[in-house]
Structure formats: structure tokens, C-alpha cells
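Single-structure report; data block below.
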Ligand SMILES: Nc1ncnc2c1ncn2[C@@H]1O[C@H](COP(=O)(O)OP(=O)(O)O)[C@@H](O)[C@H]1O
Ligand SMILES: O=P(O)(O)OC[C@H]1O[C@](O)(COP(=O)(O)O)[C@@H](O)[C@@H]1O
Ligand SMILES: [Mg+2]
């Protein structure tokens, strides 16, 4: 362990290079892409396309957009040569690695890209693509030159240790990199904590443990102190593992590094137990969490079945997105009602939750309810709602599970004079503080290796992510522009409703009105309420509208 205190390096003046695509990137683009694809520097067509789907203008001040034939768009990631054009290249050491050299076409073709949308019509434009991840023939770092660091930020998630392990082992075994630092305790660790030297031996068994061996934290993001620390330590590859907040932090770190003209690659690995990061198929650890949630749901089912008018109520994580609750419900089949933040519901009266509970109890004698922590917050009286935030600025929520338990008990004992037995189970932290399962371990390995290949190849300012089953590099602004939400007008939510047989708490008229409202918002270039479907594509009507406005 060495001390990480980093003085403010005001004495160092850094060459700053404006990030100009017009001339330089034209060259770097043709280096990477076939000539049939033309680079569009400030592409007004692309910019107007983006404005229709609600991109943050500030976040996309310098998007690297490549337009091709038939509506092909590549949302490319930055490269170190965009602002340091004369960097030397080296042969990829994997060429001499017996494990890889026999594999034909192990290196990714420079033109390989992955479509964001795979459901298309015969006359659809080819649409948005991302750069395919993987090893390149040429790398921009000599192995001995690399000094990498890894940091984990935000809430815990199964698989964090696996990602750390595979970054260390990937750098060491594939690229011969020996110097990797672990930053202790999240972003603030860059300037206020100790570091740990990470070797394959140190990380050998860590994937079998939950949590993160590096520790994590919320808040404490101080861009200039962090970049000072990176600079002072001679770090030239930064691997940042975390959720939407973390990736926003990674994006500003990258911008500051670029502004200072440093040869430092910044790679993000998306982490979120809530699965609320857009574009990617799903986040690592999500499957593990859903699997662990089954244990709580099973317990709720056993308890409820064993007593007269038994109700098992399980609260699951999901601050703004109900993916864990939705998938845990679909997986279980014992759940009679799933309540998520995206789907408003009400308690009293016709078509309300109380009426449905009564019906289920009369029919079956028991029921199981799953509620996401962010569901129904609007039902809490104003005095009960919390204005408190955590250190990262995330809203702290009141315990909706406890509140709704009281309301259900009160309703049936006082108003209905009906005996019910309600058991409230809150496994919140138990589903995320566990090691990742086998399939998440494989997923973490691929994400980590992709990040390593990308940084070695000189890409920077990217998040490594799975898109339609392929590893890709996604520009930060696409990851941070919005949160992924369950689309309740989409087929997946309809599947859930037909599995639980719960009321939607929405009338068809509401749904149509809501879609109309969204289409009007999209036309005005505003953020629609239900923009993305759960496969990362726009809901059909919105796509049609968007394509019209893109032309
Ligand atoms: N807009 C932002 N700009 C810079 N840093 C941010 C931003 N939002 C969050 N962060 C930092 O990212 C880290 C993790 O954010 P948090 O929201 O707690 O978790 P997560 O990354 O899992 O969403 C924190 O250290 C926080 O200070
Ligand atoms: O108590 P903590 O550690 O702040 O975490 C609780 C929150 O973390 C979450 O899992 C989301 O965390 P991230 O933003 O880190 O992905 C929420 O579902 C939950 O409300
Ligand atoms: Mg978050």
C-alpha cells in the first residue's frame, strides 16, 4: 500500500488540444473505416436526428458520428489519436500468444460494427451502430509503459470482483502488463485513500466473494483532484466500474484528460443492480440478483400458503426502474401482483389494489405481492415523502413496503373486518451482496476483457457493453443520457400482466393518451415518458415518428 495523497499540481501546465473532428478525425476515421463510409464532422443531419430523441446537447458536444449508405450511422468512440495524432503503434502481443495466435480472425476487423436495433422492416434505414469490441492488430501502448488503475463506485452488485479480477488477469496474461493499481473506496479514493497493487495472485480467488475488494462509495467526485492524481501517479489506463452516476463521472474525467492532452485511456464498465443503464442488453449481476430474489419470493409463498388469507409481500430493489421486480416475478410464477415505479397504481375503489387482493384471497386463500422500492412513492402523503438525497444526489426513498403493509392490514381489519395474515419480507441488500452466478461470471469476463482490448487499442471515453449479444464500445454520452425503464406499453410488461393476472391499473384509453403524449413530446424534441422499449429500441409508434423527423 502506498499513500495516495496527491498535491494539486497547479505548477504543471498541460498542452491542451481542442478536440476537432473536422480535419484530424477525418483522417483517423478513414484509418478505421472503409472509404464507402463518410465521416460527418458536425453532421447537421445527425445532430437533428439526435435532437428528436432527446439527447442532452451538453453531453454530446463532440459526438463522433460516421454516416454510411442506407441510413447507416456509427456512433463511434473517441480515440487517443483524435487529440494526440502522432502516437506510435505496436504489434499486439496476442499475435505471439499460443492461446490466440491459432485462432483465425481473432483480431476484430476495423470495420466491424454492431447494430443497436435488430428488428427491422425491409425498407428500414440501417440505423445506429456501435464499434465492435475486441483485440486489434495494432496497439497504442507498449506493455511496459502501461500503468493501469481500477476503481469501483456506487452501490454493490454481484460480479464486481470478477470484473476486477479479469481486468488484472487480462492485462497481465494477454498484454504482459505488470503495473495495475486498485483505488480504494470509489472516486474519493483517488485523492483521499490508499491504493493496492493488483496482481493475478492477489485477485486469484476474489470472484468467489461478494462486494468489491476495492471498496466503493457515493459522492466525492472531484474531477480535477482525480485527474491530478492520475497524472501525478503516471497512470495511463483508467478502468471505472459503476452505474449511471459513475459513468457520468467517468465522462467528465475523460473530458478533463483530453483537455490536458494526456495519453490516458478511460474505459467504463457498466454496473447496476437495477439494470437501468440504457443501450446495453442487461447489466452484469442482474441475473444473480433475480435468482437470489427467488428465495425471498419462495419464502413469501410458503408463508402465505400456510395461513388463512395469507399475504406474502416482498420488497425488491429498483429505485426508478422495476426490472428486478419484473424479472423476479416472471421467473417465479408464484407472484400474483408486481408493482413497479413505472406503473402507477391506486389502492382504493374499483380496479384498485385492495379490490384485487380481496378477489385473490377469496379465490385462492393466499397471495404473493412483489413491490419495487421505487413503486407507488407518489401515494405517500407529502409529509411522508423524502427530500433527502444520498452523497451522490440520488433521492432517498421511504420504505414503501412497510407503508403498504400497514395500509393493507388497516383496510382489511378496519373496513372489511376480514382477518388477513401479512408477512413482509425485505431482502434488499441480500440480493446484491452475493457473488455472481456462473453466467454473470462469464459476462463479467467478457466485459472486462473487452475494456482491456479497447484501452490497449487506444480507444478512450467509452463504456464496454453488450448490444444484441455482441461486445461493443459505446460512447459515454449514450450511457448517461437517460435511465433505462420498464416500458409498460411494451410486450414484456404485457407478458407479466398475463402471468400474474393482475389488473394493469391503467385503462386502454390511458395507454393511448400516454402514447399520444409521448409522440407529441418526441416531435417537440422533448424526452418522452416511455421512450425506450426494454430491448433498447423505441416503441414502434415512436420509431415511425422519429424516422420521419430524421429525414
Ligand atoms: N453527474 C455526475 N458527475 C460526476 N460524478 C458523478 C455524477 N453523478 C454521480 N457521480 C459520482 O459517481 C459515483 C457513483 O454514483 P452513484 O449515483 O452513487 O452510483 P452509480 O454509479 O451506481 O449510479 C459517486 O462517487 C458520485 O459522486
Ligand atoms: O443503500 P445504498 O447503498 O445507497 O443502495 C441502495 C440503492 O442502490 C440501488 O441498488 C441502485 O444502486 P446504483 O445506483 O449503485 O446502481 C438501488 O436500487 C437502491 O435504492
Ligand atoms: Mg445509479
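Any Cβ shown, glycine's included, is placed from N, Cα and C.
According to TrEMBL, the features are:
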- 274: active site, proton acceptor (ACT_SITE)
- 155, 218, 219, 243, 244, 245, 246: ATP binding site (BINDING)
- 244: Mg(2+) binding site (BINDING)
- 272, 273, 274, 317, 318, 319, 373, 429, 430, 431, 432: substrate binding site (BINDING)
- 149-453: domain 'Phosphofructokinase' (DOMAIN)
Minimum Cβ neighbour count within 10 Å among the binding-site residues 245, 318: which residue? 245
Which binding-site residues from the set 218, 244, 245, 318, 373, 430 have a C-beta atom lying less than 6 Å away from ligand 1? 218, 244, 245
Which of the binding-site residues 155, 218, 219, 244, 246 has its Cα closest in space to the Cα of residue 430 (substrate binding site)? 155
Where the C-beta lies under 6 angstroms from ligand 3, the matching recorded positions among 219, 243, 244, 245, 274: 243, 244, 245
Residue 373 (substrate binding site) to residue 274 (active site, proton acceptor), Cα to Cα, whole Å, comes out at 11
Residue 430 (substrate binding site) falls, by DSSP collapsed to helix, strand or coil, into helix
Please check each of the recorded positions 219, 246, 274, 430 and report the ones with a CB atom less than 6 Å from an atom of ligand 2, ordered along the sequence. 274
Out of 272, 274, 318, 432, point to the one nearest residue 243 (ATP binding site) in space (Cα versus Cα); all of them are recorded positions in the record. 272
Of the recorded positions 272, 274, 318, 432, the one whose Cα sits nearest to the Cα of residue 218 (ATP binding site) is 272
Looking at the recorded positions 155, 219, 245, 246, 274, which ones sit with their CA no more than 10 Å from the CA of residue 318 (substrate binding site)? 274
For residue 219 (ATP binding site), which residues of its chain lie six or more apart in sequence with Cβ-Cβ distance below 8 Å? 188, 390, 391, 392, 393
Excluding 155, 218, 219, 243, 244, 245, 246, please set out which residues of the same chain place their CB within 8 Å of the center of the CB atoms of the ATP site, keeping sequence order. 153, 154, 242, 249, 392, 394
With an 8 Å cut-off on Cβ-Cβ distance and a minimum sequence separation of at least 6, pull the same-chain contacts of residue 432 (substrate binding site), or say none. 155, 156, 157, 158, 273, 285, 289, 317
What Cα-Cα separation, expressed in whole Å, is found between residue 245 (ATP binding site) and residue 272 (substrate binding site)? 10
Inter-residue Cα distance where the pair is residue 272 (substrate binding site) and residue 246 (ATP binding site), in Å: 10
What span in Å does the substrate site cover, taken as the longest CA to CA distance among 272, 273, 274, 317, 318, 319, 373, 429, 430, 431, 432? 16
